[in-house]
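Asker: Pasting in a structure now, in structure tokens, and then I'll have a few things to ask.
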């Protein structure tokens, strides 16, 4: 396994390498911290009762909290593709047409990956001399042409896929861990994850890789982009020995505590290097907590309905903190509707780079919100996609569901539940239900848990007493008026979106065992090459 420097050793290097305060430069450094399956309700600042995220809570106190921040898809791969392209997955190709409204991602049998027609953030940042590194999970395709160094990144330490395993290598290879363009080993082999105890040093390795990169670029006086994407909170969750057994929340909480510690170390490192005022840091997650992995290996989505894989609030509303001392006012909370694609456009704006004009971008520039605390973008919509279907739209405080689906009855009967203990009749449906003619509408301010739909004009039933029915009908007229008003606002937005949408070529339709991680680059040096089967592609089966 690769040996990295310890934090005390790196600290000792500062006095020898940085003898004077670094000059201010026009292009700030950019750090995006993307967690894996961490929920909105996992942070103390969002009300988690255990209060085990002191560093993230302090980050929020020193920066801006964004309670209305969303992902672009309730699953890992499409969400990450959206962040790095500034485009909805249905535009950048990270979806499937194999079946209607199915979540798809990049397991190691996937044939596709990020399209060559997409322009990723690190490639755009090169225009201003940025050096870019990804640490952790990539998940945009594992075949050579799809890997980070082929898509604008200068450095990479991490893995192309989830840390599932361990596998019998004669049937399925364990996932490789890369240093730049060559593998260093594999999960469960050189990079240990103990499935029984949950012990692994991966988060510490990812932390040290991030700290080392920051130090090197600071010494070289180069602006940098660090995409720090650890995956410890994705099942099977893990933590290092120092953190195991420390959380009131069990092993998942241990993983959260170690990630919180790591965030604190990175922010402290920026201060030690004297670059905190020239480094924009954004913390968020790729999708909602995986409730189907709970309670031992799944997180919390706070008051929101359901979780990962769904387009209810629990699946797509994410924890989000922006931090930039001297630029973002301390201790602010901004309720602007925002999403992960905004990080693409905002990063370009901070770097002084014009966004590409040859494609539609879904991300907006959040600098007026972050730097001035404005609500200039208050009326922007949030689109909730599941695969190739627009499931819901939020505008202001209102959210309209055009399709509902949690997961199938068959999966539910097999113990897979995306909304455990949260069944809402007619809403968390186990069949795909279309509501395009009469959307189900919620007011998320009054009802963040999506439990009480605003009644539509067709609802006229009353089984109570005559007087109570009269009262209910009077109340219903008010609700009906509200429903019609909301529909009149949201319908044109949906119509315009669908009218102008040009879907990208779907990249997640085909699978083939032959393309798995049998012989990644560098395997020859390590004696880790495996022999795979002959190619026999098939149409991927996406059950939910």
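The backbone N, Cα and C atoms fix where each Cβ goes, glycine too.
Source: prediction; values computed, not measured.
Feature list, courtesy of TrEMBL:
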ACT_SITE  76  active site, nucleophile
ACT_SITE  139  active site
BINDING   36, 37, 76, 286, 287  Ca(2+) binding site
DOMAIN    28-353  domain 'Sulfatase N-terminal'
CARBOHYD  201  N-linked glycosylation site
MOD_RES   76  3-oxoalanine (Cys)
SIGNAL    1-19  signal peptide
Asker: Kindly state the mean pLDDT of the domain 'Sulfatase N-terminal' (28-353) in the predicted structure.
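Answerer: Reported value for the domain 'Sulfatase N-terminal' (28-353) is a mean pLDDT of 98.
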Asker: Which chain neighbours of the Ca(2+) site, leaving out 36, 37, 76, 286, 287, have a Cβ atom within 8 Å of the mean position of the site's Cβ atoms?
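Answerer: Other same-chain residues near the Ca(2+) site: 35, 38, 75, 79, 231, 234, 285, 290, 308.
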Asker: Take the C-alpha atoms of the residue listed as 'N-linked glycosylation site' and residue 36 (Ca(2+) binding site) and report the distance between them in angstrom, rounded.
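Answerer: So the Cα of residue 36 (Ca(2+) binding site) lies 17 Å away from that of the residue listed as 'N-linked glycosylation site'.
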Asker: Select the most exposed residue of 201, 287, where exposure means the fewest other Cβ atoms within 10 Å, treating these as the recorded positions.
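Answerer: Among the recorded positions 201, 287, the sparsest Cβ neighbourhood within 10 Å belongs to 201.
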Asker: Check the Cα distances from the residue listed as 'active site' to each of the recorded positions 36, 37, 76, 286, 287 and keep only the ones within 10 Å.
Answerer: 76
Asker: Return only the integer: C-alpha distance in Å from residue 36 (Ca(2+) binding site) to residue 76 (active site, nucleophile).
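Answerer: Distance between the two Cα atoms comes out at 7 Å.
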Asker: For residue 76 (active site, nucleophile), which residues in the same chain are close in space, meaning a Cβ under 8 Å from its Cβ, but six or more apart along the sequence?
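Answerer: Spatial neighbours, sequence-distant, of residue 76 (active site, nucleophile): 36, 37, 105, 137, 139, 162, 234, 286, 287.
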Asker: Which one, from the binding-site residues 36, 37, 286, has the smallest tally of other C-beta atoms lying within 10 Å of its C-beta?
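Answerer: Fewest other Cβ atoms within 10 Å, among the binding-site residues 36, 37, 286, is found for 36.
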